[in-house]
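Over in TrEMBL, the protein carries these features:
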- 5-278: domain 'Phosphofructokinase' (DOMAIN)
- 13, 74, 75, 104, 105, 106, 107: ATP binding site (BINDING)
- 23, 24, 25, 26, 27, 156, 187, 188, 189, 215, 216, 217: ADP binding site (BINDING)
- 105: Mg(2+) binding site (BINDING)
- 127, 128, 129, 164, 171, 172, 173, 224, 246, 252, 253, 254, 255: substrate binding site (BINDING)
- 129: active site, proton acceptor (ACT_SITE)
Ligand code: ADP
Ligand code: F6P
Ligand code: MG
């Protein structure tokens with residue numbers, strides 16, 4: 001079947017670079033002679049039939065913007081078989097034969113369900129969490145890591161002046177990648193992630209010794225999936241009162257702001273790839289990047305596997321932060 005009309009939506013937690021991905025889908029689609037539609041507010045907008053035609057100008061001046069011009073939503077109704085059938089019917093009624101979903105693992109499940117109902121779908125990894133299998137990186141992750149590193153640079157200044165320790169809680173849901181990559185890039189002494197067991201006695205003792213040996217500050221970065229910053233600080237104080245931990249929860253700041261060039265380029269490549277793959281007859285596939293090569297994987301496979309944690313990087317960060 002030849003694809004003529006495609007639609008694009010952004011879903012789940014937004015991420016920096018989603019706009020660049022939408023722009024790439026729209027402009028590539030038009031370049032290849034397709035009609036392109038935008039769906040407002042993710043699967044919720046699909047169920048509300050909030051679908052509109054997009055042209056070259058509708059994605060002008062957005063490559064540099066965080067957030068998503070298509071907006072995002074979490075939609076309970078779409079979790080039900082009835083909701084999914086309704087979504088597929090709306091797309092069919094409008095003659096839309098291809099759908100690009102930009103979102104995280106939850107959104108991938110939704111795309112997977114629509115494919116089983118006969119809609120050609122492509123899923124793009126749009127999440128800061130970097131928790132999607134079969135792609136080395138997700139759109140927004142690099143920007144998020146940059147934001148965390150920038151915050152830690154600032155914290156270092158004031159922590160050094162007062163010889164304190166800084167506990168920085170970062171996002172990532174069940175994935176420790178933001179903590180890992182930001183921790184390595186900022187020279188954090190301790191990186192606490194859900195993927196690796198940790199011993200608070202050992203962490204407190206090492207921090208105490210480091211101060212005794214002349215370190216002027218200590219940075220502990222904790223992924224939200226492993227616990228809260230407040231909890232870590234409490235446990236440290238119970239073991240060593242002199243550590244003087246100060247907690248910073250970076251929160252949704254990690255999800256905003258202008259996307260880095262790496263995220264914009266990743267989004268542009270993946271958006272264009274998704275369109276070309278739909279045209280070539282592929283469906284029910286996740287687009288990703290592995291060792292800088294664009295790859296296509298069955299969504300089934302992606303949603304049924306857990307992203308592997310990079311233990312080598314984790315060990316490197318530990319070796320370099322002594
Ligand atoms: P993310 O895509 O960032 O992981 P969510 O997990 O909130 O974010 O998922 C986004 C949306 O995808 C949900 O609100 C829901 O509409 C849809 N979704 C999530 N899981 C499923 C599922 N198992 N089946 C169908 N749709 C789903
Ligand atoms: O999935 C992206 C993410 O920012 C996670 O890192 C975080 O746990 C969650 O979304 C926060 O969700 P909400 O935007 O609903 O507060
Ligand atoms: Mg998710």
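From the backbone N, Cα and C atoms, a Cβ is placed for every residue, glycine too.
Bear in mind that the values here come from a model prediction, so they are computed numbers and not experimental data.
Features recorded in TrEMBL, as mapped to the structure shown.
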residue : record                 : Cβ contacts under 8 Å, 6 or more apart
13      : ATP binding site       : 72, 104, 127, 128, 129, 255
23      : ADP binding site       : 59, 62, 63, 268, 271
25      : ADP binding site       : 6, 8, 36, 100, 102, 271, 272, 274, 275
75      : ATP binding site       : 11, 42, 43, 44, 47, 83
105     : ATP binding site       : 127, 131, 132, 303
187     : ADP binding site       : 219, 320, 321
246     : substrate binding site : 159, 164, 165, 166, 167, 233
253     : substrate binding site : 147, 151
List only the single closest residue to residue 189 (ADP binding site), chosen from the binding-site residues 106, 171, 173 by CA-CA distance. 171
Listed binding-site residues are 27, 104, 105, 106, 216, 253; which sit with C-beta under 6 angstroms of ligand 3? 104, 105, 106
Are any of the binding-site residues 107, 129, 171 near ligand 2, with a Cβ under 6 Å from it, and if so which? 129, 171
Where ligand 1 binds, which of the binding-site residues 106, 107, 171, 246 are close by, with Cβ under 6 Å? 106, 107
Averaging pLDDT over all residues of the domain 'Phosphofructokinase' (5-278) gives 97
Hey, does DSSP put residue 105 (ATP binding site) in a helix, a strand, or just coil? helix
Assuming the binding residues for ATP are exactly those in the record, 13, 74, 75, 104, 105, 106, 107, what is the maximum CA-CA distance in angstrom, rounded? 14
Least crowded of the binding-site residues 27, 74, counting other Cβ atoms within 10 Å of each Cβ, is 74
Spatially closest candidate among 74, 106, 107, 171, 173, the listed binding-site residues, to residue 27 (ADP binding site) (Cα to Cα): 107
